[in-house]
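Novice: Taken from Swiss-Prot, the feature S-diacylglycerol cysteine applies to CYS25, supported by sequence analysis. The feature repeat 'TPR 2' is assigned by Swiss-Prot to 78-111. The repeat 'TPR 3' annotation in Swiss-Prot covers 113-136. What Swiss-Prot records for 1-24 is signal peptide, and it gives sequence analysis as the kind of evidence.
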Amino acid sequence: MLRIFQGRPAVTIAAVLVAASVAGCAGKAKKPTLVYEERPVELLYSTGADRLDRGNWNEAVDYFREVERQHPYSEWSRRSILMTGYAHYMGNQYAEAIGDADRFISLYPGNPSAQYAFYLKAICYFEQIVDVNRDQAATEQALAALRDVVQRYPNTEYATDARLKIDMVNDQLAGKEMAIGRWYLKNGQTLAAIGRFKAVIERHQTTSHTPEALFRLVEAYLTIGLNEEAKRNGAVLGYNFPGDRWYVDAYRLLNDNGLRPAVEPLKAGAKRNALERILSKDKEATLAPPGERKAKKGLLGPLGM
């Protein structure tokens, strides 16, 4: 029988910009690449952080790269790689941000901030997920990268956010299976449709698509005359989602075919099913260190650099 697992708190994580406040910064850069002028590392870094704070992503990248160029062996240079990646991410330059993260990982694999680099890569893939009617290659990449974060750093805030996003990615993949399954069912390829709906139940059972997948199995099995299978899936739907609209439809469909459903649907306003309660939690809830700011897209910033 279908089991409903405990949902995780939905969190949207704030960014942490590791930077000193700016004192006497240079004026706004006019060109995408800075003209070489030797400057103190603290000034370059803090100016880059200031540009980032103002939303001038490309200028921020220029200053952080200048830190690396002028002071390649300093602690600031290491920090600047991740800040460059963060600025690229904020500017929607995901391929560049992934490249920055990979560079940091290759240079400093044992550094505590490597966890942020892995997280940044995962979030960049996550941001590139497309709708369910298109190829899901980016979705699969995001899922693999997010799982990597959880596996490597299970007790971190990065893993907490990654787990939430894994749930969202699974919902996306389930949606793709459902779209294909509906198409098969509509075009008379019932067995192929059943395979898609069963995949949702077996691989993505905690997603929002599970009730419909069970209903579609009832519908498909009735189409090919497998009444007992239809009744069994209807019972699973009823026991797990008695108040869901898909069970109301399944209940009616089974009755219309002379099959007595095992569970009565809940009345309107009755207690919601477990999955519905999980999915209704506020996904905009914020978890951040004291005094930190919220940032675009809920990215967790580079802690511990």
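Backbone N, Cα and C define each Cβ position, glycine as well.
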Novice: Roughly where does the repeat 'TPR 3' (113-136) sit in mean pLDDT, to the nearest integer?
Specialist: 86
Novice: Per DSSP, how many helix, strand and coil residues does the repeat 'TPR 2' (78-111) have?
Specialist: 27 helix, 0 strand, 7 coil
